[in-house]
Every structure is written in C-alpha cells, then in structure tokens.
Amino acid sequence: MRALQLLVLVLSGLVGAQQQALMDYLERRLLAIEDRISLWHEQTSRYASELREFKQQMVAQLEGLDKSKEALRSELDTVGTRVDRVEREMDYLETQNGAQPCVDVDDKLVEQQVTFVKERNKAKYAKLTDCSDMISSIKAMKILKRVGGAKGMWTKDMGSATGKVYILNGTDDNTVFEFGTVREFTSSQGTSGATTIQLPSAWRGMGHAIYNNHMYYLKQGEEMKLIKFDLQKNIIVDSAVFPVKNQLPVYSLNPETFIDLAVDEEGLWAIYATQENERHISLAKIDPKTLDIQQMWDTPCVRENAEAAFVICGTVYVVYNSKLPSRSRIQCVFDVSDMVNNDEAPHVYFPKRYGTHSSLKYSPVEQLLYAWDDGYQILYKLQLKKKLEV
C-alpha cells in the first residue's frame with residue numbers, strides 16, 4: 001500500500017514537471033510570435049513612410065516638370081516672336097541698305113521711293129477705339145505724399161483696374177516699389193510697406209509705362225533698347241532697339257528722358273526727338289505685344305522748355321515750364337486724327353505746385369494724371385470734352 005502511494009507521488013511529480021515545461025515552451029513561443037509581430041509592424045510602418053515620401057517626391061517632380069514645360073513653351077513663344085521681328089528688321093535693313101547697283105539709278109525713281117515712304121508715314125491713323133475726348137481743364141489737384149528724390153515716376157497699371165501702385169525713384173535705378181492700393185501707399189512710412197521688384201537692368205530717364213501687368217522701359221546704356229518686363233513672372237519677355245538714329249532728350253527741362261512711353265485708350269505710344277527734327281517732338285504708335293513701331297508722326301511741338309507730355313485718345317499734350325519753375329501749362333497739342341487744331345486747342349494751366357514735373361502719366365481707366373513733382377506724388381483730375389473735327 002505504501003509502495004502504491006509512493007508510485008502515485010512519483011507519477012504526480014512527473015506530470016507536474018511536464019506541465020511546467022509545456023507552459024515554459026508555450027510562453028517562449030508566444031514571446032517569439034510577439035517579437036515577430038512587433039518587427040512586422042515596424043517594417044510595415046517604415047515601408048509605408050518610405051512609400052509616402054516616394055509619392056511626395058514624385059508629385060513634386062511632376063509639378064516641377066509641368067512648370068518647366070510651361071516655361072519652355074513660353075520661352076519658345078518668345079523666341080518665335082523675336083525671330084519674326086529679326087526677320088522683319090532684316091527685311092527693313094535690306095530695303096534701306098541694299099547692295100549698290102551696277103548701273104546708274106534714275107534720280108526720279110529715287111525721289112518717287114522717298115516720297116512713298118514719307119506718304120506712308122503720313123497715312124491717316126486707323127483708330128482702335130471710338131474715343132474722342134480732349135482736355136478742357138484741370139478740375140482738381142491732390143498731393144498724396146512725398147517720397148524719393150526730385151525726379152522719378154509713379155503710376156498704376158494703365159491697362160487694368162488692379163489698383164496696384166508702382167513707385168520708380170530716380171533716373172537710373174532698377175528697383176520698383178509695388179503697393180496694393182493708393183491707400184496702402186499713402187499710409188505707409190516711405191516705401192517700407194511695398195513689395196520690391198528688382199529689374200534685370202537699370203532704367204534710363206522717367207519715361208516708363210506699366211500696361212497690362214508689364215513694365216515697358218528704356219534700358220540704361222548707349223543703345224536705345226526698349227524692355228518689356230513681366231511683373232508677375234519677373235522675367236523679360238521681349239526687347240527691341242528703338243528704330244530711330246541720333247536721338248535727343250525729348251524734353252529740354254528733363255534731359256534724362258530720351259523716350260517717354262505713354263498709355264491711352266488706343267494703347268502704347270512713344271514720345272521722342274531726333275537730330276533730324278531737333279527742334280520738335282516726334283510721336284510713334286507701338287504694338288505692346290511685339291514692340292514694333294506701327295506709325296510715326298512729326299509734331300509741331302518744340303522741345304525747348306518742355307517738361308513732360310501725355311496722350312489722351314490719340315492726342316499728345318506737351319507741358320511747358322521755364323528754367324526757373326513757374327506754372328506748368330499745356331501749350332502744344334497734336335492729334336493724330338486731325339480732329340484737334342493746335343491753334344484752337346485751349347491752353348490749360350496747372351495749379352501752382354513746388355517745381356516742375358519730371359513725369360506725367362495718364363490713366364485712361366480713371367481719367368487722372370499721375371504726376372511726380374520734386375519728390376511729391378500728385379493726382380490731377382481732368383475735365384474732358386468731345387473733340388470737334390476741324
């Protein structure tokens with residue numbers, strides 16, 4: 001009986017040991033499985049993170065490729081336009097400087113060709129709009145602020161109603177200050193609240209124009225090169241040498257300005273002067289897309305004592321003063337449509353101010369003049385009336 005009890009005790013001990021060994025084995029297996037599951041989670045998270053990073057990189061590269069594609073397309077369009085213009089200029093040069101003939105040319109034939117060119121420049125101007133307004137008087141004047149030096153230019157985008165204001169201080173700089181509105185400009189301390197735009201080259205004079213999100217200006221240098229600069233993309237989209245030789249300062253009281261670009265209801269104009277017609281001011285109509293000259297006129301307006309000019313509905317108004325600043329006045333008018341006679345046009349006097357205008361820019365959207373006078377930014381409200389054909 002005692003032997004049986006001993007046997008039962010031995011068997012019970014063996015069974016308990018086996019159960020403990022089995023439990024230890026199962027625990028080790030569970031721990032191993034948990035470690036593998038944890039490793040799998042870590043690897044899955046890492047792979048998912050790498051996949052997200054790879055996806056973001058691919059999206060960024062695709063966006064960059066799209067931008068590069070658009071930039072390349074824009075550059076190709078610009079190159080195509082320039083090639084077309086170069087071809088036209090080459091045709092013009094070949095026409096003007098053809099090879100010398102091997103035989104004598106009939107003098108009468110030469111005279112006929114010269115007459116043809118002159119008559120083409122005198123051809124009647126084909127108006128783009130039905131605008132027929134002219135100045136009657138200066139209705140009001142408002143002095144907004146004083147910022148910058150004695151000479152400069154301020155303006156809005158004369159081809160749109162964006163409201164942005166642009167400040168260009170001096171006669172040979174490359175920094176443009178952009179304000180969102182006139183109120184932002186007047187309430188800021190100097191130019192501290194402005195967005196700064198750096199041009200790739202310095203301008204010359206004060207005859208710039210801002211038209212349909214582009215700035216048109218004369219590049220600093222001996223060559224009379226017009227630059228068309230995209231204010232949104234901050235790139236030069238076109239340039240062209242102004243096709244006139246021996247240019248002179250267009251205004252004797254502001255000799256820094258050789259070409260004064262103006263905007264009106266008809267588009268973009270250039271006011272300039274040459275040695276060929278040194279006493280008088282000339283006018284040209286410019287294609288704002290290609291910078292091509294569409295038509296040219298010689299005006300009866302003299303350069304002497306002229307300080308600035310602007311264009312309204314195809315009529316150029318030249319403003320005069322004296323070397324000792326007095327009251328500015330519109331003393332000469334030239335209408336490309338021959339509807340306004342200079343002798344019958346009213347002589348309009350500006351209100352008394354500080355000195356002389358270094359620039360006058362007309363806004364066809366607002367019918368206002370943006371003036372720079374000895375560092376003061378001034379607005380003139382114009383009273384207009386209809387032209388009467390003479």
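The backbone N, Cα and C atoms fix where each Cβ goes, glycine too.
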Among C131, C332, find the residue that Swiss-Prot gives as the disulfide bond partner of C313.
-> C131
CB contacts for N169 (N-linked glycosylation site) [other CB atoms within 10 A, all chains] = 20
Could you tell me which of these disulfide-bonded residues, C131, C313, has the greatest number of Cβ atoms within 10 Å of its own Cβ?
-> C313
Looking only at DSSP and grouping its letters into three states, which state does N169 (N-linked glycosylation site) belong to?
-> strand
